[in-house]
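Remarks on the structure that follows.
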Amino acid sequence: MNLDAVTSPGRPWLTGMREAIPLLGGYVPVAISFGLIATQAGFTPWEAVVISTLVYAGASQFLFVGMVAAGAPLWLVVAMTLLINLRHVVYAPNLAPWLTPSRAWPWLMHGLTDQVFALAHARLPELPAAQRLGWFGGAALLAWASWVGGTALGALAGGELVARWALMGEILPFALPALFLVLVAPRFTSRRWALALSLTILVALALTILGFTNLAIPLAAACGALCFQVVKFGPARQEHAKGDRHE
Amino acid sequence: MSSALWIAVLASAVGTLLMRVLPLLWMQRRLERLGDDDGLEAMPQWLSLLGPVMIAAVFGVSLMPVTPGLLSWIATAIGVLATLAVWWVKRTLGWPVAAGVAAYGAVVMLTALVGPLP
């Protein structure tokens, strides 16, 4: 996939930041909501910012403050937080073939959210090896900073912001599905992939509508993977995951 | 925040970080062991399959509008079509996202001006 942004050889981190800008449309409004909800749940703005900085995993943070506010046992709060984040275990290995030798990569994995993974999975294979670390650092840092900044904003002035720009809070998050659509569209390379990916999207959407947002990603992905393994369109058209992943 | 709550925050943070880092270290060792002539071939097939389907799943989850309702679903459909149309023509990242948000925003704002459907 060709991208708008021309990769500048000297400043790949800047390219990474530029390409991560669409993520902000989704991150900032949600982070503002988190900051607001955390303070309403009894956390101070400072504590809300620390949670966003250290945990940095949207859905689990909402669950964390919600369960703490409801008086749940702390061991259960931690267990549920980690359970929701369990899907992250498959992200880094999928990027590993494109990661260059550097001790910085493990630390940068703190920034490997769902959205940053989706972006990096599409972009890293297209970048020269020398630019990947800088690109990922720039993209991940911008996303992280926007999440932490949005939390601070929400904790300090969330109520007023939501009241004043309610419509913006509804419109800007559409940048996320638009971005993911652009990232997933080039992967419809065959009938087999098209079926598996369409099923995944529909199952994820259906589970979200039914209120199972936290289960939606791993369950839908499992359905899609199973579909890809089971459904084949005859020997002549048989496609293999190994061949397709190079596209 | 009590000490116990701080410990819970730190445990959640460290646990989440480990879930992001340890699989990377495992995969890097696997790549080293198998020789990195072709890193992709060293990746287990189930793992390489999970990458695209996880992105598709994240897309599916993100399609849910902030305020669900008939009009927001129509706006979502129009935004998706606009994104796809511009992507089909340009095959780029930025313009389709901008077009999708603009189309979605136009529908939402028009609806706000006109008022809710009966």
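Cβ atoms here come from the backbone N, Cα and C positions, even for glycine.
Because TrEMBL annotations are produced automatically, they should be read as predictions rather than curated entries.
Pulled from TrEMBL, these are the features on record:
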TRANSMEM  A:20-41  transmembrane segment
TRANSMEM  A:62-84  transmembrane segment
TRANSMEM  A:134-156  transmembrane segment
TRANSMEM  A:162-186  transmembrane segment
TRANSMEM  A:193-210  transmembrane segment
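Residues 7, 11-17, 19-21, 23-24, 27-39, 43-45, 48-49, 51-53, 56, 58, 104, 108, 110-113, 115-116, 119-120, 123-124, 127 of the same chain lie 6 or more positions beyond the ends of the transmembrane segment (A:134-156) yet place their CB under 8 Å from a CB of it. Tertiary neighbourhood of the transmembrane segment (A:62-84): same-chain residues 34, 37-38, 41-43, 48, 51, 55, 214, selected by CB-CB distance under 8 Å and a gap of 6+ residues from either end. Distant neighbours of the transmembrane segment (A:162-186): 1, 22-26, 28-30, 32-33, 36, 115, 118-119, 121-122, 197, 201, 247; these residues of the same chain sit at least 6 beyond its ends, with a Cβ under 8 Å from one of its Cβ atoms.
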